[in-house]
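The following features are taken from TrEMBL:
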REPEAT    1-30  repeat 'WD'
REPEAT    74-108  repeat 'WD'
REPEAT    115-156  repeat 'WD'
REPEAT    207-252  repeat 'WD'
REPEAT    253-294  repeat 'WD'
Amino acid sequence: MTQPSVILATAGYDHTIRFWEAKSGRCYRTLQYPDSQVNRLEITPDKQYLAAAGNPNIRLFEVNSNSPQPLMTYESHTSNVMAVGFQCDGNWMYSGSEDGTVKIWDLRAPGCQREYESRAAVNTVVLHPNQTELISGDQNGNIRVWDLTANSCSCELVPEVDTAVRSLTVMWDGSLVVAANNHGTCYVWRLLRGTQTMTNFEPLHKLQAHNGYILKCLLSPEFCEPHRYLATASSDNTVKIWNVDGFTLERTLEGHQRWVWDCVFSVDGAYLITASSDKTARLWTMSTGEAIQVYEGHHKAAVCCALHDGAESSPS
């Protein structure tokens, strides 16, 4: 099999993971995920593997293969895994779960290497670009920074008491962090480096982005520069694109018929993929806000999508 240069996958409540040809909209591979729904998908930096987070396991599949079986299964969470991601050279994976923990896994070894206790269901985890801090958000409204070097929680903040933090995103250069919550609000902080390695949060902006829940917030990637955007996907069936310079609304992406659960930018920030409860995923062009492709085939809600259309980043 020759590897496609663009890897696009979606999953959700029909117990399948689907791989799509981005341009044509054709589904060329379907994987069964029998044990649960799939909450989150992530592709490794080298484009070799796809992690699928379910309840309560994470399964790693080969991207460039016809095998229906996972290569590895990561077991030790005891509830829904809501977040999964990889360190930049792909040596380790992190996860967050409704069991209240954040875990770190060495991809080359079985079992969980480290565990951090959040004391509330974890909805979202992101890795700071410095690769040494994880930031988690939970159902009780806590945001915590986990310092991987010191192996401890270095910072805690609660933007809105008892309001679940649904999604976190960090700017590619580490300058901003955004937290989105169940009240449709985005909190934006500047990230300042203290004398220690600890990241300090300086409040920058509070954005009332939607009337419904924000299910995903995402800052645009490095190759989108000099433009900087924030995408917010919501239970109001829309995705809004905000200009980070002043947090003005650039455009609203309308077309999904149900909640929009996930979104991911293309490597240059020119396109956005979204996944929705209306069973479809869509490809939007950022310049016009139009949907230029619809990916149809899921039988139930599509709640997560993953895209890797950049160069394979090999270990540095």
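Numbers here mean position along the shown chain, with the first residue as 1.
Any Cβ shown, glycine's included, is placed from N, Cα and C.
TrEMBL does not curate its annotations; it predicts them automatically.
Keep in mind the model is a prediction, meaning the values are calculated, not measured.
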Tally of residues which DSSP labels helix, strand or coil - the repeat 'WD' (253-294): 0 helix, 24 strand, 18 coil
Leading contact stretch, 1-30, 115-156, 253-294 vs the repeat 'WD' (74-108) - CB distance under 8 Å: 115-156
Long-range Cβ neighbours of the repeat 'WD' (115-156) (under 8 Å; 6 or more residues past either end): 76, 79, 82-83, 85, 87-88, 94-104, 162-170, 172-174, 177, 179, 181, 191, 196-201
Residues of the repeat 'WD' (207-252) by DSSP state, where helix covers H, G and I: 3 helix, 24 strand, 19 coil
